[in-house]
Each structure stands twice: as structure tokens, then as C-alpha cells.
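Pasting a structure below so you can have a look.
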Amino acid sequence: MAAKKKIASRIAMPLQNPAERVRNFREVALGYSLEQAQAEAARCLQCKKPACRAGCPVEIDIAGFIASLAKGDVAGAYAVLREYNSLPAVCGRVCPQETQCEGACILGRKGQPVAIGRLERFVADNFHALSACELLTGAIACPQPLEGARVACIGAGPSSLTVAGYLAARGVKVEVYEALHELGGVLVYGIPEFRLPKSVVKREIDALRTLGVEFHTNWVGGNTFTIRELFVWGFNAVFVGVGAGLPRFLGIPGEGLVGVFSANEYLTRANLGRAYAFPTYSTPIFPAREAVVVGGGNVAMDAARTALRLGAERVTVVYRRTRGEMPARREEIEHAEEEGVRFEFLANPLELMGDEKGRLTGLRLERQALGEPDASGRRSPAPTGECFDIPAQMAIMAVGARANKVLLEATPDLSLNRWGYITVDGTTGETSIPNVYAGGDIVTGSATVISAMGAGRRAAKEIARRLGIAEGG
Amino acid sequence: MSARILTKRELIPGMTSQMVLHAPHIAHKARPGNFIILRVHAQGERIPLTIADADPASGTITIVFLVVGKTTARLNLLHEGDVIPDVCGPLGKPTHIERKGDVVCVGGGTGVAAMFHIAKGHYLAGNRVTAVIGARTKALLLFHAELSRFCAEVSVATNDGSMGVKGLVTDALAERLSRGPEVAEVVAVGPVPMMQAVAEVTRPLGIKTTVSLNTIMVDGIGMCGACRCTVDGEMRFACVDGPEFDAHKVDFAELRNRLEQFHGQERAELERFKKQFEVAGG
């Protein structure tokens, strides 16, 4: 038997030093150089039937873009990426690659998978010199808007931006209505600067603007306008991508205490309100020496790492299961650990305790033991009866979200499922109202940026088909 | 969207101002009880303000604000013709208004402005409206003349007795309730202690009482949970479930504590801002 060819290990991502980065909000992962990117791209086996592609919700031709990159053809790599993805600089940073493309990579079976996310990021970051038209369509001139084809998107998060990018590149006039004062949805209010710089989001949005997409901020779907009115105003189709929104709490005593926040509030203050730059920016954020974050997802990691950067001396993430079941990206958990975030696994809050002025003083937790797997396939935690307390002046609840009802209540003929999310046709994304489509968290509940983009792409394709635009890409 | 300031009137110099904003899309949809969220400048925070009046015909909304922090202080520096970059609304559930007979609307401080829109709504629905308004002294009393235009009576309470009953709005309210005609609903908008005191006046009498809660808000569209309050033992979000709730079921003690969350930072910032402004203003 021939000696096994040793698989080269993947090129390490240059990072900001933990001791330094915990004191700033600059991006943690610094990005590859061209040499590093080419060396990493060269590791790709260029499989005949690439499993990575099947693992990608938007089915990017991964082998294709990596082949171009390996040759040093960054522009060619970008053209391939852009055919499938309107937000590659974002996806390269925030997708859970380990469970998608990289999780399916054949190299991962015996060694380390190709760093597909890092390569995607490299290509996107190194290719913003061209005009937006070229970026998005590959053509020098922007497509002229099609006569009479107008589409409205409600919400300016990943799903809507994908719809806008896909349709605008095909000559459709798209207008996006956003309730907040800034565009990007969860990309700007939820994901911190140190993981996804706002300049990256802004660049992708500016590209859409150059394509003719029109953005309206401070317009609340359901309040400032209704879906019905959009049709009266002359839109042919409407895409609803308003996110999940409404924060969940645990329903335990003490959640009304001063110092208890939803992760949404904490992160919105920090990110959208730039509270890390208070008082240059006016939004205040609660200071605390000891902070506890409840939850095990990316949002919990983001909140914990933000609290550290805002001066907390001790930040503890409390999670009901063990490290192995945490839904957060591996990389974020590792980065959080390097920065000094502590973890209390197999612990479930029973009560939040406060002083006579209604301020949080600590949490009472109950030790859990893992039982049988639940519906989600993860082993469910069971109470053991053993309790312990941890002191905290701030507790951040990162335990998920529910459907935000503002638009839904104003649109009574929109069918919802029993959890209050919009029901859609699985193939087209169309809702119970003809020519009204929906996608992202308002359909699935809290999920990933890329799955929201996948939903946006499906809906955009169907809208294009009905508008009589030839399919492609 | 942005909104141009058409008129600005200082109701109480340096303290309370009224602005009429050109915001046709909001004016068209605004109902009594609704509010807006605005940002004064590119680095500004989002703050909620009640819509004190709306006129779809002219495309305008009226806001009245008290200078309490840096943002309201900065807002008060703006003039007619200036543009507020971000105005978002209308937000919140409108007041439930139906024809029900006699309604008493109680307002304290800047809350009188919010109460004005609600009182007008009740009047237009065919109710007989009594306004009960209060202030520390006559000079600080808001909307007296405006309310007199459609209210069957306007009862006034001032702390120093310079106008109306000497005392609190609850004294004037108790007086009104003691003499009839019978009241179908009491609505109260103002500082938390005032709303709580009103609730305690009407509770033994079993009169339906509604309060509009001025909680801390960030997004105002049900996303962040900053505005949560406990009503009838349940967690509610004032921005989308409210801002109006049954006064007899609100946990006012919790509300009061939560409103003070950022007081330390806010006070320090307002002082800093005032100093800066004085220096700049020479």
C-alpha cells in the first residue's frame, strides 16, 4: 500500500491578540494575505462531486471560485461567488461553515477541511474596486429597470438584501422599507463590529444602491404603511423579511430587575447605538463588574464578548447543556474563551435575585444532567436539585426570539403557523396572500444569515419568473 | 424618514417646547395614544415621544417634550426650518376609544400633551370629557386653553394654589369623582407617581382606569424588550402591547426602578452638555 499522502494543515487565520482585542471593537479575525489565500485554495481537492456545495444553503460553486483563486485570479473567483451570493463579505464572516460547506468537505474526514469561509471573505474583501454594476452583474453598464416591474421589500436584513440584489441585477426596480434608522437588520444591530465590521455591511449595501435599489429608513411595516398600500402604490410583489424580533425571557422571578437585559437590547445599544463610543454617541449602556449571559448561541457569545469589551471584569456564560451541544460557531466559542469569558455548563437559572432598590445582585442556578436527546437531536438537560448562586449586577438573556407581531397584526389575512411565524410555500416562498413572499427568521424562527439569504434567493427567483425575467444564476 | 420643524414654541422657556413637524406619512396614520421615536443627529440615541396631535390634512404632527437629558436638550436647540434626521412612527397601539359617556382625562407635567390627543379622541367619539390637569404653579400649566375648547370642564390643581385647587391632580380628580356625573373611564398620563396615585383614587371606586407608560425604549417596535413592564403579573412590552395599560394592574414599583436604570449616566451627560453649550454659546 502506498504511503498516505499527508494532508497539509489549513492556513491559520491571523488574529488580533486576545489581550489587546478585548479592549477594542475592531475586527478580531484580520483576514488572509493573497499568498495565504492561494496556499489555502491549493489545498482544495477539486472533487468531481463537491460535497461542500451541497452543504451550502445557496449552493455556491465553491470548487469553482476556489479554482480561480488558486490560480491567483481573484476577479474570476469573485464573479463565481457573486453569481450565487449578494453578501459574500458578510457570509465569509458569519456563516456556520463547520456545519455547512466546511462540515461537508472531504478533507475534514481525515484532517482539516478547506477554510472555505475564510477564502470567501478574502475574495469579497479584495474585490471592491470595481463598480457595483460589475460586482453584481458582471456587466459594465447597469441594467435598465424593466418597465413596470417594481418590488418592495419590508425589512433591510439579509433576506431582503438578497431579494433586492437578485432582482435589481435583472433590471427590476426594488425599494426596501426599513423600520430602524440604519440598513442591514441583524447585521448592524445584532452582530458586533469585532465580528462583522459595519463598513463591510455598508459596502454591500452601497453596491445595491448603485444598482438602483432605493432604501427608505424609519418606515415601519404595519404602522407607517400596510402591505395592501404597497400594492396600491404600484408594486407588483412584496417580500416580507422582518426577522423574528421579539425577545424571549425565561419567565422566572426577577426578570424585571434593574440590570436584566435581553441580548437584543444589550446588543442593539452597543451596535446600532454605538454605545461603546458613549458619550460621542448618545446611547448609554449599563455598566457592570460581574455579568452573566444566559444561552449558548452566537448571540450569547456576542453579548458576553461585548460586555468584556465594555469593562466587565467577570463575564460568565450560563448554558443548560455542555460545550458540545452549544449552537454557537466553534470559532466564536474559542475566541470568547481566549478573551476570558467563563463558562458555566449544565446550569439553568431558577431565579434572579435583587436588592431592596430592585437592582440585580445575582442568579440562583440549578445544576443539570444530560438525559435523552430531544426533538432537536440534542440531549436534553434535566434538573438535579443541586443549586448554587453566582453574583452579578447584570444578566443578559440570550435565549432566542419570538415572532414580532407588528406587521402580522396589521395584515390579518397572512396565514401564520402555531408559533406565530408566517407560513410560506416551501419552493416559492409565497405566503397565503398572492404575490406576497416571506423569508428569513419571520418564517423559520431564529436561524442563520445564510439560511435567510437562501430563502430570499428562492423568493426572488419566483418573483423574477412571474415577472417574465429569464432565470439564471 | 426625516421631518422638518414647521413651528417651535417654548411653552416653558428652557424646559418644555412644542414642535409641529412635517411628517405626512405619520400624520396620516397617527391615532391618539401613538408615539414616535426620533434621533436628533447622526450620533444620537433613539428616544420615544408621544404624538400630542396630528393633522393628516396638513401632514403635520405635534410633539411636546420636557428637557430631561442630553437628547431633549439638543432637540430644544433646534429651530423652525431645521430637519430632524430620523422620525419613525406612528408606534404603539392606539388608545381604545368608544362612545361610553363621561370620561375624565388626567394629565400631569408634560403628560398633559399626550393626554390632549387622547382627550380629543374621546371628545370626537362623542364622549363628555373632563380634563384634570396639574402643575407646580400656574406658569407651568400646559394646554389649558386648548383643552377648554372641547372639554366640558377643565379642573386645575397647582401645588402653590396659584390656579384651581391647591394640591395635586388627585385632589381635583377626587373632587370631580365625588360630585358626578358618573364616570365611565379615567385616563391618566404623567409622571409615574402621579399615575400610581390616580390608580389608587379610582381603585376603591371600581372605575376603569387607563395609564400610558413612559418606559425606556430603544427600537420601539418590539425588538429589544427595554420597555418591558409587569401588568397583572405578566411581562408586557409597552412599545407594542401598550403604551396604555389597566392602571389597577400595573406594577408601578418595578416601573419606577426600571426608569432609573441609566439615570447616573444621563445626569452626568446632561451636565456635560450644558457646560459645553454654555461655553459654545459664550
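Cβ coordinates come from backbone N, Cα and C, glycine included.
Positions annotated as [2Fe-2S] cluster binding site by TrEMBL: B:CYS224, B:CYS227, B:CYS239. Marked as domain 'FAD-binding FR-type' by TrEMBL: B:1-97.
Locate each feature and note its surroundings.
In the three-state DSSP assignment, the secondary structure recorded for B:CYS227 ([2Fe-2S] cluster binding site) is coil.
For the domain 'FAD-binding FR-type' (B:1-97), the DSSP counts in helix, strand and coil order read 12 helix, 46 strand, 39 coil.
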Within 10 Å of the Cβ of B:CYS239 ([2Fe-2S] cluster binding site), how many other Cβ atoms can be counted across all chains shown?
28
Identify which of the binding-site residues B:CYS224, B:CYS227 has its Cβ surrounded by the largest number of other Cβ atoms within 10 Å, counting every protein chain shown.
B:CYS224
Binding-site residues B:CYS224, B:CYS227, B:CYS239: which sit with Cβ under 8 Å of a chain A Cβ?
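Near chain A - Cβ to Cβ under 8 Å - we find B:CYS224.
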Check the DSSP secondary structure of B:CYS239 ([2Fe-2S] cluster binding site), expressed as helix, strand or coil.
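Coil, per DSSP.
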